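Undergrad: Copied straight from Swiss-Prot:
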type	residues	note
SITE	Arg28	site 'Transition state stabilizer'
BINDING	Glu34, His35, Thr36, Asp37, Tyr223	substrate binding site
BINDING	Gly124, Ala125, Gly126, Leu127, Ser128, Ser129, Ser130	ATP binding site
BINDING	Ser130, Glu162	Mg(2+) binding site
ACT_SITE	Asp174	active site, proton acceptor
Amino acid sequence: MSLKEKTQSLFANAFGYPATHTIQAPGRVNLIGEHTDYNDGFVLPCAIDYQTVISCAPRDDRKVRVMAADYENQLDEFSLDAPIVAHENYQWANYVRGVVKHLQLRNNSFGGVDMVISGNVPQGAGLSSSASLEVAVGTVLQQLYHLPLDGAQIALNGQEAENQFVGCNCGIMDQLISALGKKDHALLIDCRSLGTKAVSMPKGVAVVIINSNFKRTLVGSEYNTRREQCETGARFFQQPALRDVTIEEFNAVAHELDPIVAKHVRHILTENARTVEAASALEQGDLKRMGELMAESHASMRDDFEITVPQIDTLVEIVKAVIGDKGGVRMTGGGFGGCIVALIPEELVPAVQQAVAEQYEAKTGIKETFYVCKPSQGAGQC
């Protein structure tokens with residue numbers, strides 16, 4: 001049974017009438033451009049065919065009823081006429097409440113709604129299950145009540161909800177790609193202007209995501225440290241963000257910076273340049289060059305930005321040994337564990353899967369999780 005069928009059937013059973021709409025919003029993977037988003041730089045993600053699906057209908061009153069199919073059909077109810085505060089017990093409900101609350105601040109011309117939510121974006125894998133939920137809820141209200149909001153506004157609303165209501169400090173990339181993703185394309189995003197450019201993906205290439213299943217422990221504290229060091233670097237160059245510093249300017253005075261800060265700044269500058277070039281390589285179908293850029297990105301994250309772990313490096317090496325120069329592989333996400341992403345000709349996927357199954361657990365003691373994805377369409381009706 002598809003997520004659409006599941007949520008529609010649950011909706012009819014729970015609420016006693018049929019849903020009028022079913023909306024989906026996808027998760028995402030970032031192909032290249034790591035830690036560049038909060039430096040006003042460039043990222044190159046694609047939406048994936050794992051999504052949050054919501055069957056829904058408008059109500060003729062001011063009540064919101066939400067059922068979470070993936071959490072034993074827990075039900076949350078709240079009113080649009082009372083202050084929206086955090087739910088004491090259901091963390092999932094706070095993503096919904098946060099989106100609704102922040103949407104009221106943007107455009108309060110919507111009424112009540114019934115929703116049943118289900119999703120298959122793996123949680124805790126860095127594939128943006130939370131952003132896909134936020135964008136799905138925003139799209140539900142936009143579609144049901146014909147709100148004059150575009151995908152970028154729905155994305156910004158989701159980011160605000162996560163930052164201010166849920167209390168997690170994320171960039172804009174995850175929500176933006178979920179809202180604006182395009183089938184068979186990646187999206188080059190300028191994180192300063194929020195401008196986007198669709199980049200066609202070569203035919204016959206699979207997007208493979210492999211979760212190392214190494215439990216991330218350092219990610220919060222180390223992420224914040226990296227962010228502060230990048231801000232220190234921007235101040236040193238008297239620029240608003242590292243996006244405004246050229247590699248030539250950096251090389252001329254790198255010796256004056258703290259050596260650790262200098263290495264971390266260098267990663268951001270080189271990664272921005274790689275990301276822009278990667279968009280061109282992909283568009284031209286040059287998988288060999290894309291692979292080189294992904295390899296350089298991984299080396300930079302490992303040696304300059306220092307955010308990989310041995311388990312991730314091992315996974316990358318296993319995949320690289322199989323694909324050679326026919327594709328690319330690198331760590332993706334915040335670092336200190338999580339996933340790797342690989343662009344692989346479809347005919348090589350079984351060989352990669354076999355090599356990883358045979359070697360990764362033997363070398364690390366951890367069993368990986370393997371996902372084969374397609375670049376998918378952003379949020380909308382399904």
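Using the three backbone atoms N, Cα and C, a Cβ is placed for every residue, glycine included.
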Undergrad: Want to know which recorded positions, from Arg28, Glu162, Asp174, are within 10 Å of Ser129 (ATP binding site) at Cα; which are they?
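TA: Correct set: Arg28, Asp174.
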Undergrad: About how far apart, in whole Å, are the alpha carbons (Cα) of Gly124 (ATP binding site) and Arg28 (site 'Transition state stabilizer')?
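TA: The Cα atom of Gly124 (ATP binding site) is 13 Å away from the Cα atom of Arg28 (site 'Transition state stabilizer').
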Undergrad: For Ser128 (ATP binding site), find which of the recorded positions Arg28, Glu34, His35, Asp174 come within 10 Å, Cα to Cα.
TA: Arg28, Asp174
Undergrad: Select one residue from Gly124, Gly126: among these binding-site residues, choose the one with the most other Cβ atoms within 10 Å of its Cβ.
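TA: That would be Gly126, with the highest Cβ count within 10 Å.
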Undergrad: Any idea what DSSP makes of Arg28 (site 'Transition state stabilizer'), helix, strand or coil?
TA: strand
Undergrad: Count the other Cβ atoms sitting within 10 Å of the Cβ of Tyr223 (substrate binding site), across every protein chain shown.
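TA: Within a 10 Å radius of the Cβ of Tyr223 (substrate binding site) lie 18 other Cβ atoms.
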Undergrad: Looking at the recorded positions listed here (His35, Thr36, Asp37, Asp174), whose Cα lies nearest to that of Arg28 (site 'Transition state stabilizer')?
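TA: When the Cα distances are compared, Asp174 comes out closest.
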Undergrad: Taking the Cα atoms as reference points, how far is Gly126 (ATP binding site) from Asp174 (active site, proton acceptor) in Å?
TA: 10
